[in-house]
């Protein structure tokens, strides 16, 4: 299985290094995505995650695994950076329809690295698991790829309760729904 890779290229600057002074977030983002984004809206990036990770783990039947691996997954998402980046995290929202316990029905990704710094009022996360200014676009995407690659999605504090219930009660139905969405995403990726 090939390793999925995000479709962006960071510049030569050290990822996640906060840039002080006026315009700090904009300068940091320009260095991380030099020349690949329209300067008129540097605070919003459309990205595409391409890989076999999501669909390859959906079945224990070898013929289905191999067939899905050849199709692969193509998932569009949007990163929206706040004016106080890198002190606060961007929001990541999938444009591609997703069915996952840790992705809200509207596509918003729910992972610790994208939660504002500080203590979790519900006690599910420790402060060290949440956003820190040393994180980068690359660390966000690696975390999301890890989320999608997991054999066992986190159902303890789900963003999509229906998907979490289906994972717990009908894993076969969950995998079938994901396979359907992966196929649709591959077909619609370049529309």
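Placement of Cβ uses the backbone N, Cα and C atoms for every residue, glycine included.
Since we're looking at a predicted model, the values are computed, not measured.
Summarising the annotation, TrEMBL assigns region 'Disordered' to 1-26.
What TrEMBL lists as domain 'UBC core' is 1-187.
According to TrEMBL, the feature compositional bias 'Low complexity' maps to 1-17.
In sequence order, 102, 103, 104, 159 constitute the residues six or more apart from residue 110 (active site, glycyl thioester intermediate) in its chain with CB-CB distances below 8 Å. Residues or ranges marked as active site, glycyl thioester intermediate by TrEMBL: 110.
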DSSP three-state assignment for residue 110 (active site, glycyl thioester intermediate):
coil
